[in-house]
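Remarks on the structure that follows.
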Amino acid sequence: STSRQQNQPQGHYGLTSPISLAPPSDKDHIHTQKLIEAMKPFGVFEDQEELYHRTTVLGKLNNFVREWISELAESKNLPPSITEQVGGKIFTFGSYRLGVHTKGSSDIDALCVAPSHVERSDFFQSFFEKLKNQEEVKNLRAIEDAYVPVIKFEFDGIEIDLVFAKLSLPTVSDDLDLRDDSCLKSLDIRCIRSLNGSRVTDEILRLVPNLENFRLTLRAVKLWAKRRGVYSNIMGFLGGVSWAMLVARICQLYPNALASTLVNKFFLIFSKWDWPKPVLLKRLEESFLNLPVWDPRVNPSDRYHVMPIITPAYPQQNSTYNVSVSTRAVMVEEFQRGLEVTDEILKGKSDWSKLFEPLNFFQKYKHYIVLTASAFTEEHHLNWIGLVESKIRVLVGNLERNEFITIAHVQPQSFPGNEVLYKQSGFVSMWFLGLVFKKAESAVKTNVDLTHGIQSFTDTVYRQASALNILKEGMKIEATYVKRKQLHYFLPAGTLQKRKKQRVSDISQNNSGLQCKRSSLGESCSDGSKDRDSRTPSNSSSLNKISKLDISTAETERLFLIWWPNSKSQVSPAEMEATVALRSPGPPADCTIPGYDTVCQLRRCFVQEQHKLSGTLITDPRSASPKQHYSPSSK
């Protein structure tokens, strides 16, 4: 494989021919059957009744689109000969088109292709109104200003995300092939983006050597990615099309392998992949259309992509633009774990269910940031959390640019606020970010200030909400620093998985009080009360204590914590102190919330209660409760 890569012409990024053409063995068949049995409890296989219902719905929607396009042609006084043949068609893409739709997952990505007399404004006006009048259509909403404009709705219980593209053709025939690059001619960028989903999906299916093995492997990889918390394009991990392309590349390298082998090779290849070397399913191609394509030799901005996975259809793009250094590091760590587990499975030392064990995110880190988005009404809350969620990767990028942070890991799943938060702020959603700090090289006092990164993030969200005219009274973002042992203030006990049993020596130290370990910067004082605190249910009295803390008005809001520098020498408490500062994220000065005359001053609370215990500096556990930040606050 290495020699083949070296012999490739420069500029083709080492695309290789198959690594192995060996036929599968009986053992491979047995392992693949066991893999299928391990996936069945998770509902990854669609039953025939669901498949039939979705096919029926898509048929109805296709007829509905053709009827609308024909009516539109009549309203625009097109000749009857053209009106009868204008056509129009629905194409599917994504998981449904790839054939990996899961049981109970009813959403379908679809593309409406229309002839040249249909404008985008027609799609978002007359077609939207036509949908609104259908009894089978529920939860209809248009997102016209999205990167890929879309109409979302439920059609007879099936969720549809419908994008639009008009072609430079007077009619759209039933046998239209979107893989032909000529269909992109004279189109605006939004139509090209809409067509891209279908063109990429079809090209992936064309490039894999065995569809059955590809689909089964992709089902396994997607299930694993969701269970391990690395399936989310919007959060900076990978989305469905990116996972599909990675699996397709492995299928190309091992064209005869069954799913059990392909899953193992998937982790083997990508745990050792030389990122940011791109993953390609075919060589980059030129076209007469001269559209912008991913090419770091030409585009300087493409050189900064940390995990490029390039779409195979023209114009080729990087599907992992949102991936950051932190999210890539998290995924590589998961690839390495997946390799270890699948190696054990193939050796008969474990079973496939171990691969799909969920990530214990809330015990993985010692330091967390809780990001809370709230609004007074449910409708405002849905708009607000959609915007906040789309910008969380900006916060991750801001944090990882801090010189003292090595990893900022966001959990893609959001959590609802508990009863106390609901009473205080209305409808609430929370996201959790785990932090890893760099090891200190000395015992010199170090200040870790996260204020700027968090304030920059909140400024971005508030300004965009104001620009989109969705910023309403009661919409707030709150950032709270907590330690692992304090997560039970925000999450129910069932969400916080129990830690593995500690060593007997650790337990004895826990029973005697607080255990503080000398460790590196960012490996903060490890209190022996972690296990007890983690199992403590979230309750209103705890949160009431948090909300009643003394708060004074100032320009910034900070939390000060104690870190342990990595030093064998005795140092004074002052020398060992490090601080972490969070700023209460109020709206920027040029952003006004309806219902407020002025933007109130931010607030500050200090937590600096420090005590000596056997010559060791610790944070007082009585003052360790997370602080509830309010921003923007009412008058």
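Glycine is no exception: its Cβ is also placed from the backbone N, Cα and C atoms.
Keep in mind the model is a prediction, meaning the values are calculated, not measured.
Using a 10 Å Cβ-Cβ cutoff, Phe93 (ATP binding site) registers 26 neighbours. The ATP binding site annotation in TrEMBL covers Phe93, Gly94, Ser95, Thr102, Asp107, Ile108, Asp109, Asp161, Lys222, Tyr231, Gly240, Val241.
Residues annotated as Mg(2+) 2 binding site in TrEMBL: Asp107, Asp109, Asp161. Cβ neighbour count for Asp107 (ATP binding site): 15 (other Cβ atoms within 10 Å of its Cβ, all protein chains included).
Per TrEMBL, Mg(2+) 1 binding site is recorded for Asp107, Asp109.
Here TrEMBL flags 1-10 (among others) as compositional bias 'Polar residues'.
Annotation source TrEMBL lists compositional bias 'Polar residues' at 505-527 (among others).
According to TrEMBL, the domain 'Poly(A) polymerase nucleotidyltransferase' annotation covers 14-208.
Summarising the annotation, TrEMBL assigns domain 'Poly(A) polymerase central' to 213-357. Within the model, the domain 'Poly(A) polymerase central' (213-357) shows a mean pLDDT value of 95, rounded to a whole number.
The feature domain 'Poly(A) polymerase RNA-binding' is assigned by TrEMBL to 360-420 (among others).
Per TrEMBL, the feature domain 'Poly(A) polymerase RNA-binding' maps to 426-498 (among others).
Residues or ranges marked as region 'Disordered' in TrEMBL: 1-28 (among others).
The region 'Disordered' annotation in TrEMBL covers 501-544 (among others).
Under the heading transmembrane segment, TrEMBL lists 229-248.
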Exercise for the section: Name, in the order they occur in the sequence, the residues of the same chain whose CB lies under 8 A from the CB of Asp161 (Mg(2+) 2 binding site) and which sit 6 or more residues away. Expected result: Asp107, Ile108, Asp109, Ala110, Val150, Ile151, Lys152
Practice task
Could you give the residue numbers and ranges of same-chain residues that sit at least 6 residues beyond the transmembrane segment (229-248) on either side and whose C-beta is under 8 angstroms from one of its C-beta atoms?
Solution key: 94-95, 98, 100, 197, 200-201, 204, 207-208, 214, 217-218, 221-222, 262, 266, 270, 279, 281, 309-312, 319-320, 322-324, 326-327, 330-331, 334, 358-359, 361, 389-390, 392-393, 396, 410-413
Problem - DSSP-derived helix, strand and coil totals, residue by residue, for the domain 'Poly(A) polymerase RNA-binding' (360-420) - result: 29 helix, 17 strand, 15 coil
Problem - Summary of DSSP states over the domain 'Poly(A) polymerase RNA-binding' (426-498), given as helix, strand and coil counts - result: 23 helix, 23 strand, 27 coil
Practice task
For Asp109 (ATP binding site), just count the other CB atoms lying within 10 A of its CB, please.
Solution key: 22
Problem - the domain 'Poly(A) polymerase central' (213-357), counted residue by residue under DSSP: helix, strand, coil - result: 74 helix, 6 strand, 65 coil
